[in-house]
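Peer 1: After the structure tokens below, expect a handful of questions from me.
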Amino acid sequence: MPAKSSSKAAAATADAQSPSVSQRTRSARPSSSLNFLLLSLIFHLIYSASIFDVYFTSPVIHPDRRYSLADTYIDDQGASLEPLHAAQLARQETANHTAKRLVLIVGDGLRADTAFARQSLNLAPLWNRRDALDLEREKISQEEAARSYGLELRHESAQEAEGFYAAPYLRKMALEKGSFGVSHTRVPTESRPGHVALIAGMYEDVSAVTKGWAQNPMPFDSLFNASARTYSFGSPDILPMFAKGAVPGRVLTESYDESDEDFTRDATHLDIWVLDRLKALLDRARTDSTLDMELRQSGVVFFLHLLGPDTTGHTYRPQSREYVGNAAVVDAVTKAAEQLLSDFFNDDRQTAFIFTADHGMSRKGNHGDGEPDNTRTPLIAWGKGINRPRPLSVEHGEHRQQLEWRHEQRIKDAYYQKWGAMDQMWRQDVEQADITPLMASLLGLPMPANSEGRLPLSYLNFSPEHAARAALANAQGVLEMYKVKHSQRAARMLNYMPFHKLLPEADLSPGTKRVDQIKLQIRAGRYEQAIEDSARLLDDALEGARYLQTYDWLILCAIITAGYLGSIAHGLAFLLRTYVFRNDQLQRTRGGRGGVGFWVALPVLIALWSKFALERSPPTYFLYAIFPALFWGRALDDRHLFLAALRALHVRYAASSHPTLSLLRGTLGRASLAIIALAVMALGYLVRPVWSVGFLLIGFFWPALAIDTNTRARHEGLLSLWPLLCTLCALFTLGGLDKEESVPFLVSSGALFLLLGLAALGLKQLYGDGAPQSTCEDNSGPKVGSCANVPNTGDRHEARFSRVMRVQLIVLVVATAVTASSSYSLQRKQGLPLPNEIIAWLVLIFSITFPLTYGFRSSSGTTATEAQSRGQSDRGRQPAAHRLLIIVFAFAPVFILLSIRDEALFFAIYVATLLVWARIEGALQEERFLLQRYKDDLAAADQATTSQSSTSHTRCSIATDEPRALALEDLRIVITFIFFLHVGFFGTGNIASISSFYLSPVYRLVPIFSPFLMAALLLLKILVPFVLLAAIFHVLCVTPRSAVLAQEPISTRGKLVEPSTILGPRSPGGLSLADPYALVLAASCAFEVLAITFLFAVRTEGSWLEIGRSITHFVMANLLQVFVLALAGLAGVVVGGQTSDGTSNSSKS
């Protein structure tokens, strides 16, 4: 009786866990899987954008009124003056303090420390080289440039010890004539948003970076539109966006051709071109009376956009003599421009100068994210209306505080060291948008409509009354933005709650009483109090605007979180239905569609949609609400699947002494460990060494703690190689990201790949994979016996594989040679030779297309896809090992072309680690399979017979290519897959943004500025490790168990006696899953946990490095799910392979 009971329990367990393909449901048909994948794709793409509705909406509004000093005057009774009288008073006030014209000079991509700090002499440019800068052609002699640069062509020993300053004229203006500070930008640190902040005082919403480099992607007001006339010279990527939408004829632009932006050559000629155009304009005015009158009117702006530092920084990086030399040219252009204007206007001292940058430049030669090197830019102001320098004194309390924090700053950050005499002068740091009200106040113009900058009064040489009125006008402009947003919200919200610091009173709009009080204070001469109150009003208005921008935070976060949790439930139901339960089990527990789930979800969706419709919410709100209702409705209808899963788990642990405890430990324990692992990976987004710790854990602790002694002994070769490869991978994620280009390193990496390719051609045993391959000509029925286990290593496959590999190795040699040649040419500033560019593109295109068009072919000579479309059998299928090697060596030339140092070496070690991991997982699956079937055989056998044979060996006679269902043990495989997915990115870069990868290798293919093409090449390099991971994981999933399971003796403990090999027919097989997408879909469910974590980790305050990273983390968590599903489909096409039931997996997908 006990024997029968144990037999039934074992049968029930096997019945719940190991269904065969013949028993399993065919609900995993292509239409069902395709519908699930499309729904998941749409869901994640839409929810990726949800963060911008929750936290970051567009700040662009269209108020009807802009404020200037004329709006700050009142009469003796406190009433506002008549507009004409107020305007007259304002003109009288501004005439004494403001400038007639303003010159804005932007050194695109110039770092603050490059402009201010002393540079070492090894960064000194070679001014006597004619190819560096043709100074004589520009009417600037080399001697004058050297004096302006602060150097002689021959250095004295004392000068060598002290170094030199890259921008001596700008430093002179800061130390002797004006004010200076550091301007802090916001993300994205790109040229367009940077210039919008400078000239419009408005920070674009972060999602605007997705609009690329489009001209004026959204309408906004700017200082140029308020000027009398603006003359702008510079890049065609920047100038037109301020002219478009402005008053016709008010903003005049002159730009060079885009083809002149060559990243492979010295870019100083672009800045000299700007100086030439300014000189030409002034020369024309000397003979054109109309132009002369226009230039001499009040309110004129000259905008000089100097692109050289940005272009040079991308190519040579900031710590180079080329970048520092370009900063010197910018300094010389600034000096020359001031002299030209001074001569033209007869030195009337009515010109104000502002020099700054739109963004900085990281040490890698990139920008875009919130790295401090990208967000810190120089700001120097001098001329009419600007305060003169103020030396710091320890006797002055405010000065003493600044001396103290700047001293601490220099100790903690080398960026602020070696600034020389500037350390003893007052420094006023500002936000980038603060420059807009500064320029508007200097010219006496109204603030742009969307400006949110704070007027930095310490830069202005205004009377106390004028300063107070300028501060009030600044506050009124920002308050007007809040009023518009307030009125818009109040008009459409059902239960509107206004910002508590700016509540409307009676019939007055928010803040009106506070403005009137400030006007009275100015009227009474209490200027300092008026300035303080204006600052508080401005801060409250900005805080209120942010409150209104995130007004829907709570309801949106609730909906989005419910959507992610519903996606997890929906995904689990799909996995249970498709990959776990048999058809007969589903029939017994089937629940009807359109049941309780539909009637629960529909009213909720209608209620949300009604609310959004009444409040005139954005269309995306309606989309966000669809998914929680859809997913949870389906999950409720599929509740029978979750109940069946609980019953199956209960059966699995019923035989243990403590079933409930075993159930909790086996399910909740695994789930808890998985969540902890995902949380640690989330930490790895901020701290790269976390991935190194992960490698040590899976490389050393996992084999020691989770794999038993017999298994370790049988697979000794695999488990000896595994920790070594994990250690090598850990070195890459532990290393820094600042790298110098190394041609010898690149050539060595190419030579390593060449040796590996030759070894692959020589080792025939690489082609065998231990899995049974059917090669019998009869395809009418299932293959049995020896026919099913004959390895498919025909001469046709080997001959084709050898030819393909030889061609790819030749391409690899060409790629290495052209990479070395192009790198040396670019380093010598000789540009990219046209033959090199053509060859590099041919190598890139050939490497990607050749394997698909020729390498992946069946024995009949057609591609796998063609064979399937023609209904041909898969008996001539190319071995998976062939295809994997072809893919690896197809992308090796691509990695060589786009690498700067050790990325190709990481690629090789990463792929080797993945291959060994796949072997280990296959071996562990076989061990679990044997142990379970052995237990089942013992339970079903006669007790006496079992006792007689307990000391002998037996053979496993079951069908080893029988597919299996998903099991709890697969959760660890899914988590490991996610780990390797992240390591494919972190191995050579940083998650902060795409700008963490070096751009200089891209110049070997694209020397002319082409942002989208450059980004595409960078993305290609990033995606290559993902493609290899997907291909190897695909093969691991669909490869059957090793054929030796049916031939080798097993011990009484259900373990194979003979040891395995790493390669050849005795090597482990795969996971023997019925479908290659099962574990990928399970991984997609796990990604939802990361997405929810990063949704609530988004920062809207703090440093912009933290804010920018938090945004990127959330978007990446969503995009990874899209990537992994797309890559799984791509792997199914390019790798092909055979599913466990002997059919082509491509046909099932």
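Keep in mind that glycine also has a Cβ here, set from the backbone N, Cα and C atoms.
Predicted, not measured: the structure shown is a model, and the values here were computed from it.
TrEMBL lists these features:
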{"type": "COMPBIAS", "residues": "1-20", "note": "compositional bias 'Low complexity'"}
{"type": "DOMAIN", "residues": "318-398", "note": "domain 'Sulfatase N-terminal'"}
{"type": "DOMAIN", "residues": "543-1103", "note": "domain 'GPI ethanolamine phosphate transferase 1 C-terminal'"}
{"type": "REGION", "residues": "1-27", "note": "region 'Disordered'"}
{"type": "TRANSMEM", "residues": "34-56", "note": "transmembrane segment"}
{"type": "TRANSMEM", "residues": "553-576", "note": "transmembrane segment"}
{"type": "TRANSMEM", "residues": "596-614", "note": "transmembrane segment"}
{"type": "TRANSMEM", "residues": "620-637", "note": "transmembrane segment"}
{"type": "TRANSMEM", "residues": "690-707", "note": "transmembrane segment"}
{"type": "TRANSMEM", "residues": "719-737", "note": "transmembrane segment"}
{"type": "TRANSMEM", "residues": "743-763", "note": "transmembrane segment"}
{"type": "TRANSMEM", "residues": "807-826", "note": "transmembrane segment"}
{"type": "TRANSMEM", "residues": "880-898", "note": "transmembrane segment"}
{"type": "TRANSMEM", "residues": "973-1000", "note": "transmembrane segment"}
{"type": "TRANSMEM", "residues": "1076-1098", "note": "transmembrane segment"}
{"type": "TRANSMEM", "residues": "1110-1135", "note": "transmembrane segment"}
Peer 1: What counts of helix, strand and coil residues does DSSP assign across the domain 'Sulfatase N-terminal' (318-398)?
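Peer 2: So the domain 'Sulfatase N-terminal' (318-398) is made up of 30 helix, 16 strand, 35 coil.
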Peer 1: Counting only residues 6+ away from its ends, which parts of the chain sit with a Cβ under 8 Å from the transmembrane segment (1076-1098)?
Peer 2: 33, 36, 40, 47, 50-51, 54-55, 557, 560-561, 564-565, 567-568, 571-572, 574-575, 578-579, 674-675, 678-679, 681-682, 685, 966, 970-971, 973-975, 977-978, 981, 1033-1034, 1037-1038, 1110-1111, 1113-1114, 1117-1118, 1120-1121, 1124-1125, 1128, 1131-1132, 1137, 1139, 1145, 1149
Peer 1: Across the domain 'GPI ethanolamine phosphate transferase 1 C-terminal' (543-1103), what does the pLDDT come to on average, as a whole number?
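Peer 2: Its mean pLDDT is 79.
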Peer 1: Pairs of Cβ atoms less than 8 Å apart decide it: which stretch in 620-637, 743-763, 807-826 has the most with the transmembrane segment (880-898)?
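Peer 2: So the stretch in question is 807-826.
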Peer 1: Are there residues at least 6 beyond the ends of the transmembrane segment (620-637) whose Cβ is under 8 Å from a Cβ of it, and what are they?
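Peer 2: Result: 43, 46-47, 49-50, 53, 552, 556, 559-560, 562-563, 566-567, 569-570, 573, 591-598, 600-602, 604-605, 608-609, 612.
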Peer 1: Please give the sequence-distant neighbours of the transmembrane segment (553-576): residues at least 6 beyond its ends with Cβ less than 8 Å from one of its Cβ atoms.
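Peer 2: Cβ under 8 Å, 6 or more out: 36, 40, 43, 47, 50, 53-55, 608, 621, 624-625, 627-628, 630-632, 634-635, 638, 641-642, 644-645, 966, 1078, 1081-1082, 1084-1085, 1088-1089, 1091-1092, 1095-1096.
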